[in-house]
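Colleague: My structure is below; once you've seen it, I'll send some questions.
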Amino acid sequence: MISRFTIATAILAAATQTVAFAPANKHAVLSSTTSINMGPPIDPSAPVTETYGEGSRKYRRTVYTHNEWVKHRSSDRFVSNLTTLTGSGIYKNIGKEVLATTSVAAFVWAWNFVSGGYEDFSGVMHDPLIASKWATEIGLPLTIFTTLSPSLGLLLVFRTNASYNRWDEARKFWGLNINHTRDLNRMATAWYGNDSSPGSASAPKQIAKAIDPAEREYLLGQVSLFTWAFVRSMKRHLSPPDEDEEDYIAELKSRLSPEQADAIISATHRPNRALFDLSVAIEKLPMHFMRKNEINKNLSIFEDTLGGSERLLSSPVPLFYSRHTARFISIWLLFLPFALYGQFGDSWNHIMMIPASLLISVFLFGIEELATQLEEPFTILPMQGFCDKIGANCDEIVSWAGQDVYKIPDEVIEQMEMERPELEMKSNLALLGGEVEEDVVEEPKKKRKILKKLLRIGEGM
Ligand SMILES: *[C@@H]1O[C@H](CO)[C@@H](O)[C@H](O)[C@H]1NC(C)=O
């Protein structure tokens with residue numbers, strides 16, 4: 001047994017060095033040492049190695065509607081997914097590793113064929129082709145692998161689970177962005193021009209000054225634009241520069257004024273700059289400061305989603321965990337063919353151990369691969385779709401009429417005039433610092449004037 005094991009180890013060492021696990025992507029190695037950059041790319045022309053797997057991430061940005069769900073649940077899913085098996089991006093990515101384990105299996109099979117005796121096509125056993133003292137059959141007991149498989153399973157479960165949680169968290173950050181950009185623009189639009197404090201009892205909540213429609217449109221338009229500029233900058237900042245930098249600049253320049261666009265584009269931290277511009281735009285809105293406070297709470301949520309996303313982008317699952325998983329699974333799978341040989345004695349010269357090794361390694365390396373693909377979620381989230389949706393939603397919200405259409409109609413004022421007891425009116429007016437002459441309230445015309453004055457004072461509160 002010892003000698004068999006030594007031979008197997010030597011072969012494996014050779015196999016792993018030549019075929020398998022050289023770093024496939026030099027860029028990935030490099031970029032892991034650079035710090036995360038939130039401004040313009042330092043060198044936009046820097047070449048980025050794009051492997052098949054990296055390129056395919058663009059097509060993983062799925063957005064589901066009812067039709068996709070129907071397809072997703074359909075009973076054809078097993079058959080149709082089996083027929084598309086060879087097109088699987090995950091399997092393409094693990095090609096080298098699977099080739100390595102299958103080569104080991106083929107080697108074990110061939111070695112044992114020549115050194116251990118073989119059976120020809122008519123079922124007759126023959127002596128070994130190489131008759132030498134050191135040329136003996138190689139193999140390992142299956143127990144080693146069955147003992148290790150629960151630990152391997154647990155490692156893989158944790159790995160996929162941790163990666164899924166990262167994806168989920170990133171998706172939820174964008175969910176919060178979507179919700180709170182709506183919230184912000186809704187409040188800004190509905191409260192525009194309302195000087196009274198929220199919930200104050202100051203009687204009629206009418207607008208103090210007549211709202212200038214052009215000014216309102218401009219100021220709210222700015223709020224909507226900078227809300228969009230923020231999420232768009234956040235998307236750019238979480239995407240690879242070569243994929244998004246040009247589009248980002250073009251989009252910003254097409255929507256913002258040249259100065260505004262330049263200010264954001266040239267900032268070292270663009271999302272921060274866009275948030276700052278958004279704060280300034282909110283500050284310019286004519287409304288009670290308590291209402292603005294409420295609106296500003298959304299901006300703090302944006303800081304959190306931005307910061308949380310930066311954390312996900314800059315910190316992978318601790319590397320020693322991923323490394324150990326990768327080493328464990330590689331060694332387990334590379335040695336497995338030695339143990340499988342003995343298990344396939346029923347097939348012709350144990351030949352079925354080769355396809356078995358291939359299948360097992362596809363499935364197990366596949367799990368590790370998808371966990372790794374999921375670990376950095378931003379390049380598989382449909383962030384461009386989110387940004388476009390946010391931009392369109394906010395533009396629509398700020399286009400709606402707000403306080404200006406909710407002026408109290410003249411008939412209602414007349415009605416109030418009839419119902420409101422004179423005494424109350426007088427005392428209210430006195431309370432607000434107005435003066436009332438006894439006889440004035442008798443005349444309906446003047447009474448109405450006073451009421452209007454009362455309304456105007458009330459709005460100023
Ligand atoms: C494969 O299965 C998934 C999950 O059910 C489904 O969403 C997808 O549409 C299927 N793929 C094909 C090619 O049918």
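Quick reminder: no glycine exception, Cβ is built from N, Cα and C everywhere.
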Colleague: May I ask you to indicate which of 96-116, 138-158 is given in TrEMBL as transmembrane segment?
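Modeller: Residues 138-158 are the ones TrEMBL records as transmembrane segment.
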Colleague: For the transmembrane segment (325-344), give me same-chain residues lying six or more residues beyond its boundaries with a C-beta closer than 8 angstroms to one of its C-beta atoms, as numbers and ranges.
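Modeller: Beyond its ends, the transmembrane segment (325-344) has Cβ neighbours at 8, 12, 15-16, 20-21, 97, 100-101, 104-105, 107-109, 112, 137-142, 144-145, 148-149, 151-152, 155-156, 159, 350-354, 356-357, 360-361, 364-365, 368.
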Colleague: In the same chain, who gets a Cβ under 8 Å from the transmembrane segment (138-158) while lying at least 6 residues past its ends?
Modeller: 4-5, 7-8, 108, 111-112, 321, 324-325, 328-329, 332, 335-336, 338-343, 364, 367-368, 371
